[in-house]
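Some features that TrEMBL has for this protein:
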type     : residues : note
COMPBIAS : 19-39    : compositional bias 'Acidic residues'
COMPBIAS : 527-536  : compositional bias 'Basic and acidic residues'
COMPBIAS : 543-554  : compositional bias 'Low complexity'
REGION   : 1-44     : region 'Disordered'
REGION   : 507-554  : region 'Disordered'
REPEAT   : 162-195  : repeat 'WD'
REPEAT   : 348-381  : repeat 'WD'
Amino acid sequence: MPPQTRRSSFPKVVIERDTESEESSSEDEAVEEEEEQEEANVVVPEETIEAEASELKKKGKTPITITLKKVCKVCKKTGHEAGFRGATYIDCPMKPCFLCKMPGHTTMTCPHRVATEYGIVPAPRKNTTTSLEFVFQRQLQPRLPPIKPAYVIPDQVHCAVIRYHSRRVACLEFHPTNNNILLSGDKKGQLGIWDFGKVHEKTIYGNIHNCILNNMKFNPTNGGSIYAASSDGTISCTDLETGISLSLMNLNPNGWEGPSRWRMLYGLDVNSDKSVVLVADNFGYLYMADMRSNNIISKPTLIHKKGTKVVGLNCNPLQPDLLLSCGNDHFARIWDMRRLEAGSSLYNLEHKRVVSSAYFSPQSGSKILTTSLDNRIRVWDSIFGNLDYPSREIVHSHDFNRYLTAFRAEWDPKDSSESLVVIGRYISENYDGAALHPIDFINISTGQLVAEVMDPNITTISPVNKLHPREDILASGSSRSLFIWRPKKLSNIAQPREEKRILLCGEASKKHTKKHDHNSDDDSDNDIFRGKDKGPKQKKLPLKSSSYSSRKSR
């Protein structure tokens, strides 16, 4: 028997089209549009429509409506679109400017985007002179040189390792004594050790943490070990040569007990005077662990609003008893560790949104630099003066949605004037038709954009940036990859031409035509760095054993 087909009546499909339709270039499409227009011009009596609708309802079927109208991703309304289109960001007309958060204009026409001083906003400040401020001017201010040294900007990629980590980079740290060692942590909890002086000497320890490695600090008395805080609720002390890790603290000894009980550690710093490791969790509490006995030495202290993350901790370089913290409760707070208890903060620096980082100035410790998600970098020139208002607010693009590590403005530890900071940029710019996200060097004393560093081969965002404490080197983490920047003159002379300076890891070492895996993060993984030299392919050099280890922990 011939196969029988089962007939069934399908519900009526109603397609709603947008009023703004693009013109078709082909003649066939034009004819189809004319036919559709003629069909649309046919007037159907309302009685017929009602009859068809009632007939469908009797059969238990309702008409299906498919809309093809443009829907804004910001306000969820039809008729317009918002978001990135190439290198251009289109604002939602129902919202204020994405960059400066002020109404009345768009991001492309924002005055802070093209301002000479790069969007500096003088903050109101009272002209008051206190005894502490007088002491600062008398004793601490002479340590800063009267003549500001010339800035040396590392603006060219010297070497790179592509897809070094299996997930996006979360933090970076230079070795305190070895100038060529860079440590990195990623979203998966892996700890990477890279000797960028030899490029190919790299190590990854993947068995230390199970979640994001949020912060790292070296042991001040032992440069061969490092402390790390992770979202799995543990503090680890890892020996860099052997990879053996010691757990100082575990806030989740019973494993997963639900989101209301799972504690994650974010902020981390080391108080060398007291030999104490300071960490803070996602519930607003501060913990202290003794570096000598590897035990918790006090009960947790509530330093921010209960139930909010404390994402940053920083001890003053000259007065380690002064502690600076920041978190998701829109505050950065200054504490005296000698009388640390809930509600005893010395100052509360209020912000409009989440504070992603807060640091004392690296040499005098008298300035404060904060980064907030309201696209503002705030500066306080003196911790001994009036802290009710910041000295300056600098408009900068670092407000992001998700799938990225938080942007943090970092001091240049070599700058004796304590005025140069580095931070990645979120909004892309159009450079010869390519949408790039540069890394900005900003003079916080004037708010001027000193330099913007970019490379046409790096099309991903670089939210993690670290300046070398002794050399003119910038390390940046972009997606899974690491890049080392040097000044152009030094970069051109430093290495011989035949040595390979770009190292491909994992899937990046395969053919570029192969698709990326589906287990990658959503923070853009198309970061295959292509060298400018198009000569014959070089053979892969074998991995040499570094001073730490060449074994890969599994």
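Just so you know, glycine gets a Cβ as well, placed from its N, Cα and C.
Just so you know, TrEMBL annotations are computer predictions that nobody has curated.
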Point to revise | Tally of residues which DSSP labels helix, strand or coil - the repeat 'WD' (162-195) | key: 0 helix, 18 strand, 16 coil
Check your understanding: What is the number of residues in the repeat 'WD' (348-381) that are helix, strand and coil, as DSSP sees it?
Key -> 0 helix, 19 strand, 15 coil
Exercise for review: For the repeat 'WD' (348-381), would you mind checking the mean pLDDT of the predicted model?
Suggested key: 94
